[in-house]
Amino acid sequence: MFYWLIDLSNTVPGLSIFKPMLNVFRYITFRTGGAMVTGALFVFLFGPWIIDNLRLRQGKGQPIRADGPQSHLVSKKGTPTMGGLMILSGLVVSTVLWANPLNPYVWIVLAVTLGFGFIGFYDDYLKVTKQTHAGFAGRTRLLLELLIALAACYALIRLGREPFSTALVIPFFKDVVVDLGWFFLAFGAFIIVGAGNAVNLTDGLDGLAIVPVMIAAASFGMIAYLAGNAVFADYLQINYIAGTGELAVLCGAVLGAGLGFLWFNAPPASIFMGDTGSLALGGMLGSIAVAVKHEIVLAVIGGLFVLEAVSVIVQVASFKLTGKRIFKMAPIHHHFEQLGWTEPQIVIRFWIISVMLALAGLSTLKLR
């Protein structure tokens, strides 16, 4: 919305005197900062009202796993879920205000985010109303996620330039590109769905998921800005993708809304993100990675999410094949709880790991 002030200053005679001042809205960096501040303020202001309403409507709050750590049955009982609504509301408001409304990449990523958010919301709704940890049928949920992801990947392919639109870029090497053809649809959908569910699995302790999400969003905001700038892309020898720089504004909005949410989600949490938030934010990260052609780098920057997802896969596979469990409990953050680590220890140490992985992922921009 604010982006249109530039055009108004050119077309409305009375606003021409403000043109030098309004010119700042041309800059993605300025609008990214504005989106970040707006997202944070929105969640700070409306967060208490949203939490009170969710607590009133949900009654007993999110059901706690009976087979999980016993401390959770006491410390987390009665805490409302669906806190992702706070983040998504801040994200949408900030994006509408600060992003270029004519940029198709913005709307594709936003569509994936809200689509996954709706799936997560329905999953949370079933869990709360039925007071069971089992929500949406797994296959149905996965099918809906795949449909959204496939539609987004198809739109991204149509936006890109051939044959690069279906290419997989290999980091660390200059100009090493593998054209996947239409198989890129399946690959891109796998990245988006995988990211959504990996973040979902990570969201098991107070503050554990939101900070790594913010770190990843900040990292991909930088990558999107650089990939969407012809000068920087040429200097760093990364592929230039016109228009993707605008995705930095979305990342700024997530960073701000995430900071606001963390205020209420810090231990002991007043609200949980729920599948509403974790699925949506993971899907957003996956779709941005596909849009800017840094899918492999997402596995590095989001390595913590990968670790959480792999721990579940390994645990399930091992138990089905051998009848034995590799970890005391999965996802892996619960394994460390069973080893005696306190919740703050696990959360802060995982944050540190996320920072280190983000730095490693960003370093690939220069290692060519």
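Any Cβ shown, glycine's included, is placed from N, Cα and C.
Taken from Swiss-Prot, the feature transmembrane segment covers 32-52 (among others), and the record attributes it to sequence analysis. Beyond the transmembrane segment (32-52), the same-chain residues lying 6 or more positions past its ends with a Cβ under 8 Å from any Cβ of the stretch are 2, 80, 83, 85-87, 89-91, 93-95, 97-99, 221, 225, 248-261, 263-264, 270-271.
Nonlocal intrachain contacts for the transmembrane segment (79-99), taken as residues 6+ away from its ends with a CB within less than 8 angstroms of a stretch CB, comprise 1-3, 31-32, 34-36, 38-40, 42-43, 46-47, 50-51, 54-55, 58, 61-62, 106, 110, 113-114, 117, 120-121, 124-125, 127-128, 210, 246, 249-250, 252-254, 256-258, 260-261, 264-265, 269-281. Look at Swiss-Prot and you will find 79-99 (among others) tagged as transmembrane segment.
Residues annotated as transmembrane segment in Swiss-Prot: 102-122 (among others).
The feature transmembrane segment is assigned by Swiss-Prot to 140-160 (among others).
Long-range contacts of the transmembrane segment (176-196) within its own chain (CB-CB distance under 8 A, at least 6 residues past either end) are made by residues 112, 116, 142, 145-146, 148-150, 152-154, 156-157, 163-170, 239, 278-280, 282-283, 285-287, 289-290, 295, 298, 302, 305, 309. According to Swiss-Prot, the feature transmembrane segment maps to 176-196 (among others), an assignment based on sequence analysis.
Within the chain, the transmembrane segment (207-227) has long-range Cβ neighbours (under 8 A, six or more residues past its boundaries) at 28-29, 32, 87, 199, 233, 236, 238-241, 244-248, 250-252, 254-255, 258-259, 261-262, 265-267, 269, 273, 277-278, 281-282, 284-285, 288-289, 291-294, 297-298, 301-302, 304-305, 333, 346-347, 350-351, 354-355, 358, 361-362, 365. For 207-227 (among others), the entry in Swiss-Prot reads transmembrane segment, with the evidence type sequence analysis.
Among residues of the same chain six or more beyond the transmembrane segment (247-267), those with a C-beta under 8 A of the stretch's C-beta atoms are 28-29, 31-44, 47-48, 51, 83, 86-91, 94-95, 98-100, 105-106, 109-110, 205-207, 210-211, 213-214, 217-218, 220-222, 224-225, 228, 273, 277, 281, 284, 288, 291-292, 343-344, 347. Residues annotated as transmembrane segment in Swiss-Prot, with sequence analysis given as evidence: 247-267 (among others).
The annotation transmembrane segment is assigned in Swiss-Prot to 271-291 (among others) on the grounds of sequence analysis. Within its own chain, the transmembrane segment (271-291) has Cβ neighbours under 8 Å at 50-51, 54, 62, 76, 79-88, 105, 108-109, 112-117, 119-121, 123-124, 135, 145, 148-149, 152-153, 156, 188, 191-200, 202-203, 209-210, 213, 216-217, 220, 224, 241, 244, 247, 250-251, 254, 261, 264-265, 297-298, 302, 305, counting only residues six or more beyond its boundaries.
Counting same-chain residues at least six beyond the ends of the transmembrane segment (296-316), those with a Cβ under 8 angstroms from any Cβ of the stretch are 168-171, 191, 194-195, 197-199, 201-202, 212, 215-216, 219-220, 223, 282, 285-286, 289, 325-327, 330-333, 335, 350, 353-354, 357-358, 360-362, 364. The annotation transmembrane segment is assigned in Swiss-Prot to 296-316 (among others) on the grounds of sequence analysis.
Per Swiss-Prot, transmembrane segment is recorded for 345-365 (among others). Note on the transmembrane segment (345-365): residues 171-172, 205-208, 211-212, 215-216, 218-219, 222-223, 226, 236, 238, 267, 297-298, 300-304, 333, 336-337 of its chain, located 6 or more positions outside it, place their CB under 8 angstroms from a CB of the stretch.
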